[in-house]
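Look at TrEMBL and you will find 2-191 tagged as domain 'Flavodoxin-like fold'. Marked as FMN binding site by TrEMBL: 10, 16, 17, 18, 91, 92, 93, 94, 135, 136, 137, 138.
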Ligand SMILES: Cc1cc2nc3c(=O)[nH]c(=O)nc-3n(C[C@H](O)[C@H](O)[C@H](O)COP(=O)(O)O)c2cc1C
């Protein structure tokens, strides 16, 4: 059976379009699912104490550094065990929700999810693909203003996830008709994606 790690990042709870689209797709997959709602259960912001704890051997870590590294280890294990990483992402002030950035900061660890070799950086998350659902009030896909998708592609590629499918529901604040068209289009595209 396939493993899916699902990350939800909207602050809107049950009213979230991105979460609803992701969950509707998930319900159709025959897979074991781990769900993380980063809005209600956020990963802390990265601090120097946390980062230096990551770089310190286990026996040299303070108590709080041990707890932070343990959380990071758990998040990385969930990611590495997933065949598919599903992330639902609303656009907030042109970027990704900061809770998702915190998750990225906790799973980006040298020697665990990437390493530098003579050939440059190498991603260590093998055999995981990603499905990314993006919801936006306006229209940005394919323009310079879309900094979300290129950033996610870069970060995931860096850790080894190069198979990334982006599903957009855009223009959802541009009137009811535009919203419904965007939702139908996203659902249709999701139908073609399997875990
Ligand atoms: C705090 C906040 C900031 C937002 N910023 C933008 C933005 O910069 N550009 C945009 O097109 N839509 C913006 N929106 C609209 C959301 O991206 C849009 O409503 C999206 O569908 C929300 O997804 P969700 O329902 O999963 O939360 C913003 C919404 C909120 C709540």
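Numbers run from 1 along the shown chain.
Just so it is clear, glycine is given a Cβ too, placed from its N, Cα and C backbone atoms.
Farthest C-alpha pair in the FMN-binding residues 10, 16, 17, 18, 91, 92, 93, 94, 135, 136, 137, 138: 17 Å apart. Fewest Cβ neighbours within 10 Å among the binding-site residues 10, 93, 135: this applies to 93. The average per-residue pLDDT of the prediction over the domain 'Flavodoxin-like fold' (2-191) is 97, rounded to a whole number.
Spatially close to residue 137 (FMN binding site) yet at least six residues away along the chain are 91, 171, 172, 173, 174, judged by Cβ distances under 8 angstroms. Counting only same-chain residues six or more apart in sequence, the Cβ atoms lying under 8 angstroms from the Cβ of residue 17 (FMN binding site) belong to 10, 90, 135, 169, 172, 183. Around residue 91 (FMN binding site), taking its Cβ as the centre, 21 other Cβ atoms fall within 10 Å, counting all chains.
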